[in-house]
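Colleague: Structure in structure tokens, see below.
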Amino acid sequence: MDEVTRTAQRSPSITETHAGETKLAGPGEKEGDVESPVDPSADSEQNRQQITGLQLFAILASVTLSAFLMLLDGSIIGVAIPNITSQFHSIDDIGWYTAAYQLASAALQPLSGKIYSSFSTKWTYLFFFGLFELGSLICGVANSSSMLIGGRAVAGLGSSGLLNGGMTIIAGAVPLEKRPVYTGIYLGISQLGIVCGPLIGGALTEYTTWRWCFYINLPVGAVTAILLLFLQVPELTEKPRFTFALVRRVIPELDLIGFTLFAPAAIMVLLALYYGGNDFPWDSSQVIGLFCGAGVTIIVFALWERRVGDRAMIPPSMVSHRIVYTSAINGAALVASILVAAQYLPIYFQGVRGYGPAMSGVNTLPGILSQLLTVILSGVLVQKVGYYLPFAAAGSAISAVGNGIVTLFSPTTPTAKWIGYQIVLGSGRGIGMQMGIIAIQNLLPPEKISVGIAFMIFCQNFAGAIFVVVGEVIFTQQLVKQIQAHAPSVKVDAALAAGASSSSLRALVPPGSPELQGVLLAFSNSVDRVFYLLMSLSLAGFVAAFGMGWVDTRKKNKSETE
């Protein structure tokens, strides 16, 4: 008996389709409910109106631009922080400008999937986008640090439903066999927001004001919102029209008890990571208490989710399926490595190599462009060959190699090498970026796709938040050791407080001092050590890829058109 059949027999919420792959049952289905060899999602796939031509382009452009703005907003603030803290005299609030955004986004992420599965996709998306735009406006007009933090929290709440909402819209607008291509375009272009943030933010801060780092979302966002208002957005499944009676009926199904347990647990974990080693020692009662509180709350949450079953915010039958959790691990490892690298490559190019913020952004283009090209190309190839697992494994393997060779960066690495190394790294990321999404879309019935995507994006963002902190710990600890070894006359506290710009590093030693090379080597080696972490993450994603299922998506596509 093969692996797929054994899995289907073990899980009462999984049915086997005639295409040969396991598929999670829809609401109310039990094992054995599928009496004929017909995929229950086939009818909805056949009956759903497919969008083509200019309307499809407009929908894809709208959600891609919205996701780009959302990811840009998460990375653009870094270069604006020095000016913000100077105006508000709020150096102690630096961590909260990022933390408020991530905490709010992480807390609402899983619930957003349940909301999409219950209400109109179009209006739910516009609701989350409106929250994001409102948060951007509050940040732009903020007259105090507290107001700015509040605006970041509102924007974070809005961002929780944008990336998964965009993929839900794409899933409803195009047939399954074309989703890899369109999802690749969507992810490839929107992910540019992560790496373009410092470049765009640096230009806006330098030539206008830091407030335009937030104002930029308003006019661009207005265009995308107006487009969506006048476009017909197909649904994955039929949904009733919005009424207050519908709200009263749906609210009990949203698992708000699960949300009230999950949100504090996620917030406590992230707060412990932000406080640990910064405001409080890692072994302090505050940090330990937060971790313990999070652990207890997660246990209670897991017990509650198990009790409510498929009505849960994160259905246990879904997340316990091998394809779902291995896809989540693979995707989380990839996205975490992207987010961490986006922080430390600029340190290498600005601090070690001496480039300004704008040229530092230009120097990362080899990785950005190769990632954009391969994420689209991999989607086309999956559509042709049908199997996503080889691309998931290859993407993680190439990413591991790319992160490994980046550890060879030094203050004197030739231009040809740092360009080539980034091309290898970007290619690996691009190849594997959308494979987890394809696996989940292929596995889940239409009514569960939004929940599955929301769960996966939560795992990616949560892993990113965790490993950004881990990367910071590694970098800081290594910098202390490296400064003592290569520039002993430089005070460690001064090096840690200097920042990572070209001028600040070179100000640590007198002009013409021979120890300047030691300072640059110390920072370069510290960045290299962070990429050892990213290499390990990529290897973890490589191992997880082999659990994502050897499934030919073309068989399902064929069955849905017969």
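Using N, Cα and C of the backbone, Cβ positions are placed for all residues, glycine too.
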Colleague: According to Swiss-Prot, one residue in ASN83, ASN143 is annotated as N-linked glycosylation site; name it.
Modeller: ASN83
Colleague: Can you identify, from 7-27, 154-174, the stretch that Swiss-Prot calls transmembrane segment?
Modeller: 154-174
Colleague: Please work out which recorded stretch in 154-174, 389-409, 530-550 has the most C-beta pairs separated by under 8 angstroms from the transmembrane segment (123-143)?
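Modeller: Highest pair count goes to 154-174.
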Colleague: ASN83 (N-linked glycosylation site) has how many other Cβ neighbours within 10 Å of its own Cβ?
Modeller: 15
Colleague: If contact means at least 3 Cβ pairs within less than 8 Å, sequence distance 6 or more, would you call the transmembrane segment (418-438) and the transmembrane segment (329-349) in contact?
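Modeller: Since 3 or more Cβ pairs under 8 Å link them, the transmembrane segment (418-438) and the transmembrane segment (329-349) do come into contact.
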